[in-house]
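Participant: Quick one: the structure is below, questions incoming.
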Amino acid sequence: MSEKKIEELLKLLSMNNGDMSKLTANQRKEMKEYKFWKTQPVTKFDEEVKEEGPIHEEKTPADIPDEPLPLLPDFEWCAIDVDDEKQLEDVFVLLNENYVEDRDASFRFNYTREFFNWALKSPGWTPDWHIGVRVKASKKLIAFISAIPVRLRVRAKVIDSVEINFLCVHKQLRSKRLTPVLIKEITRRVNKRNIWHALYTAGVVLPAPVSTCRYAHRPLNWDKLYEVQFTDLPPNATKAEMVAKYTLPKATKTAGLRELRLEDVDQALALFNRYQSRFDIVQEFTKEEFIHWFINDKNVVEQDKRVVFSYVVESEGKVTDFFSFYSLPFTILNNSRYKDLGIGYLYYYASDADFKFEDRFDKEGTSLLKQRLSTLVQDACIIAAQNKMDVFNALSSQDNTLFLEDLKFGPGDGFLNFYLFNYRTFPITGGLTEDQHFDTEHRSNVGVVML
């Protein structure tokens, strides 16, 4: 299928919040070219979901083969132990040289060792789920895929699952059909641990999205973004006007705002859990997981290597608000002045601003929450700018559409599709209207954030 056709389908899906029934027969037929996905337990494009739940009845680990899938003779499987510096270095090199680039090959993700340690070593992680493929002769790592355990709530049902991420095949070997083999092998290994469901995301359309969200970008350093061609100068605007438009206050506004500390975790987690209850798909965190994902790694001494930034608002000993964002910079490939672009990503947050209202969409409660989140996320942008980030990204997920436009987040070209493996569910709204604008009225029911 051509890239143009995929984009057209992506646009249609985002307009319909992932509802496959609104695709034409010809569009569905085109999507059937994804032969691999036709063999997998995923919702088909022309399938009418009548009941939520597993697609295949659960087997037992004893039903799953013990041996890994066969590879071409020149390749071999390996388990990557990210506690081993040399093995981590191999993943670092593979992803930084071969992972997602933009179409013009001007930018690509610059994954750091600190980021991998954070993203791949959550509680319950196992080297067996960090799978690599090496060349037998040279031992060069040429492919990678990872899974970490997560506990998902899909509406009222809680399911043990994994989160699949960092699927990467070396550019020169993408004709070898390694991707389907990697997916099948990670599935086999996860099934052997008695887990039968997975959450994953992709920018492309696969069978069949649970939801579709749109990216939004808030410039923090407009002048640099323009110079590296990350953004354009709008018609009838000057550079000085654009810099002035996106200039932020030098100091945060929220009284009682400070970094999240270990002693805050019980209060912050309780606040977070109550806030998350409004969404249809979320990850449920244990206390140990909450500490891992939101308490900054004290072993990272250098501030410029810090990955996650988490803050709470404390009022008279009570935690009333919480927000977090993480850093994942870009490498700039063709610029003599700048080598990297600092990128902040809005992560999870919670506020008690509307807790006294039973209806999430109560007019007064919505107004209070919008005001509170706008202040908190602007403070997040200020802190990100202070930490040398040049742009702040968010999705149309969670309650983000309440503040994106007011805080000068512009809609991006990219969309992110959410998928569930071996689990049927009705479409979940992704915060988009039919014309792909941010849906401030209905917002999103997606409460899970993937890296």
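The chain as shown is numbered from 1 upward.
Heads up, the Cβ atoms here are built off N, Cα and C, so glycines get one too.
Residues or ranges marked as active site, proton acceptor in Swiss-Prot (evidence: similarity to another entry): L451. Residues or ranges marked as tetradecanoyl-CoA binding site in Swiss-Prot (evidence: similarity to another entry): Y34, K35, F36, W37, L167, C168, V169, S175, K176, R177, L178, T179.
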Participant: Using Cβ atoms only, which residues of the same chain lie under 8 Å from K176 (tetradecanoyl-CoA binding site) while being at least 6 residues apart in sequence?
Facilitator: L72, V169
Participant: Check the residue listed as 'active site, proton acceptor' against DSSP and tell me helix, strand or coil, would you?
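Facilitator: Its secondary structure by DSSP: coil.
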Participant: Once the DSSP letters are reduced so that anything not helix or strand counts as coil, what is V169 (tetradecanoyl-CoA binding site)?
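Facilitator: The three-state answer is strand.
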Participant: For L451 (active site, proton acceptor) and F36 (tetradecanoyl-CoA binding site), determine the Cα separation and express it in whole Å.
Facilitator: 25
